[in-house]
């Protein structure tokens, strides 16, 4: 194989970069983790995160495999609509800004999104919510683990399993040592790397491969990519928006941040994070449009972004791409590990299994949860069953059903738990039916629509109002 | 929390063992970096595969039964006999699949081409979803999205005014 192997990095360099980053991030996590004295420090960074770190973590966490790998994938599949439509996922962060302020106001001492659902809606709704949360968290964790493997394979030809294993070990390592404090601090550095790297790649690409030549090639041989009336892309647009809203509104990744941010920082941080995020999918997606002009037709659409960037920028560029995408993946993977382990520790272990657990015991259990999640994700990632896009869109049916129960639950006292639980369960089932019977592009939309109708009936029929004071819960651990 | 020193040691060992281990596939002949001309597979042995059903989104995957061992291209034509070749796509690396996208409605024919000849021909039919279906979902989504936005903005201002 001399002519057909065109990887930008050799396997040794790929491995070297992984080891370098792994050691640096784990050491940094350990350094930051020394300040964690209580479970609150570990899980919520002492509830004292300022605006700069808060905005950076909001933006960096949302820049993930979605933006660096799936945005080019969707552009390669859906053209202009793919990248513009994907950038609308920023609306999730922007619309979460007022919700975050409300969360902080209602639950100044809360820990997780599960806490909110349990106190606001009761046990049946909590069960529905926790199942949706866990399924979604695993879907996202798996997609991130897979993305690490795909990234290394696309850039260096290194076996998928090695890249996937490496990113999981690294993120589990520094999240375990540093908790949310390390997650947020690394997110800040990773956000800077992502912004600088993405802007550099896009500028270099336009400078090297002219816009005219890209337009000419795509118009001649792939005309549908420039077509504004592209049916599948039009159908995908709002489905993607509802998927993004569902992901952010329900996930403890964002709730734990809202609760960790200092004072009134949450509103501004999510608004700023969303605005900073908005142009990133446009830039990363645009890269994919250059693929046909460069003669790159990837084996799997989710590999197109790294392959184009590496082709244009050569070996040095491939290193930059590697660092940017690796940072993006790590910034999301660590957040998800931290938030999901909080959910398991707080909502399941502390509230259901061991109510008398001490603070130290909870902190230790949180660490074990992080390791357990990492191992389970690794096992599920091994067979590489689906493309990233397919995996994520499946999760859309679950998370979109939580949009109205969460929004109304935060503001509207007349929605009761029975209706909220029904909305989540029936909405999810309807979304899954849409996914299998019609296509992935309706799953989140159908799920949200059905859930909205049930919630509207619930508000309309309810005659009693929820007492917001019930949101204040006394802690039992010492 | 586990003992940090022990955990660092185990993590470093695990990283070392995992990352230095080469997958068994790397030692198979198909992945060997130095193959002789005699080992290059004749083109008529490549079997090109494509989508089994009508393509509704304009993108699809073409696959080979085995990873390529030399440079090859995919030829596209509007006719099954390839009387005129519309365009050619390079096959990337030694992957056994390639994704093509951006196709308008129509019937397309593909085959593999190497220096020594061509493979079997496959037919791909592209038929996009009807626009009425696309716009129905678009406007349903738009309406629902506006409801979510108005709900959040209105309730945020109501609670904001009440709190202040």
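Heads up, the Cβ atoms here are built off N, Cα and C, so glycines get one too.
The shown structure was predicted, so the numbers you read here are calculated from the model rather than taken from an experiment.
Quick look at what TrEMBL annotates:
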- A:12-32: transmembrane segment (TRANSMEM)
- A:44-63: transmembrane segment (TRANSMEM)
- A:83-103: transmembrane segment (TRANSMEM)
- A:124-152: transmembrane segment (TRANSMEM)
- A:158-177: transmembrane segment (TRANSMEM)
- A:189-206: transmembrane segment (TRANSMEM)
- A:226-249: transmembrane segment (TRANSMEM)
- A:270-296: transmembrane segment (TRANSMEM)
- A:316-344: transmembrane segment (TRANSMEM)
- A:391-411: transmembrane segment (TRANSMEM)
- A:418-438: transmembrane segment (TRANSMEM)
- A:444-462: transmembrane segment (TRANSMEM)
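Same-chain residues lying 6 or more positions outside the transmembrane segment (A:124-152) and placing a CB less than 8 Å from one of its CB atoms are 14, 18, 64-65, 68-69, 113-114, 117-118, 158, 160-168, 247, 250-252, 300, 302-303, 306, 322, 325-326, 329, 332-333, 336-337, 339-340, 343, 347-348, 373, 376-378, 380-381, 384, 388, 391-392, 394-395, 398-399, 401-402, 405, 417-418, 420-421, 424-425, 428. Residues 89-90, 92-93, 111, 179-181, 183-185, 187-188, 190-192, 194, 248, 253-254, 256-257, 259-262, 265-266, 268-270, 272-274, 276-277, 280, 327-328, 331-332, 335 of the same chain lie 6+ residues outside the transmembrane segment (A:44-63) yet bring a C-beta within less than 8 angstroms of a C-beta in it. Looking at A:270-296, A:316-344, A:444-462, the range that has the most CB pairs within less than 8 A of the transmembrane segment (A:226-249) turns out to be A:444-462. For the transmembrane segment (A:83-103), the list of distant contacts is 58-59, 62, 66-67, 70-71, 74-75, 110, 116, 233, 236-237, 240-241, 243-245, 247-249, 254-255, 257-259, 261, 264, 266-271, 273-275, 277-282, 284-286, 288, 406-407, 410-411: same-chain residues at least six beyond its ends, Cβ to Cβ under 8 Å. Ranked by the number of CB pairs under 8 Å to the transmembrane segment (A:189-206), the listed stretches A:12-32, A:158-177, A:270-296, A:444-462 are led by A:270-296.
For the transmembrane segment (A:158-177), the list of distant contacts is 11, 14-15, 18, 21-22, 25-26, 28-30, 32-33, 144-146, 148-152, 183, 186, 326, 329-330, 333-334, 337-338, 341, 367, 370-371, 373-374, 377-378, 381-382, 384: same-chain residues at least six beyond its ends, Cβ to Cβ under 8 Å. Same-chain residues lying 6+ beyond the ends of the transmembrane segment (A:316-344) with a Cβ under 8 Å from its Cβ atoms: 8-9, 13-14, 17-18, 21, 25, 43, 57, 60-65, 67-69, 111-114, 130, 133-134, 137, 140-141, 144-145, 147-148, 151-152, 155-156, 167-168, 170-172, 174-175, 179-180, 182-183, 186-187, 189-191, 193-194, 197-198, 200-201, 204, 251-253, 255-256, 305-306, 309-310, 366, 369-370, 373-374. Only residues 6 or more beyond the boundaries of the transmembrane segment (A:444-462), in the same chain, are considered here, and those with a CB under 8 A from a CB of the stretch are 238-240, 242-243, 245-246, 393, 396-405, 408, 412, 414-416, 418-420, 422-424, 426-428, 430-434, 438.
Same-chain neighbours of the transmembrane segment (A:270-296): 51, 54-59, 62-63, 67-68, 71-76, 79, 82-84, 86-87, 89-94, 96-97, 100, 194-195, 198-199, 201-202, 205, 209, 213-214, 216-218, 221-222, 225, 254, 258, 304-305, 307-309, 311-312, counting only residues six or more beyond its ends whose CB sits under 8 Å from a CB of the stretch. Here the transmembrane segment (A:12-32) has Cβ contacts under 8 Å with residues 152, 155-156, 158, 162-163, 166-167, 169-171, 173-178, 181-182, 185-186, 315, 319, 322-323, 326, 330 of the same chain, all six or more residues outside its ends.
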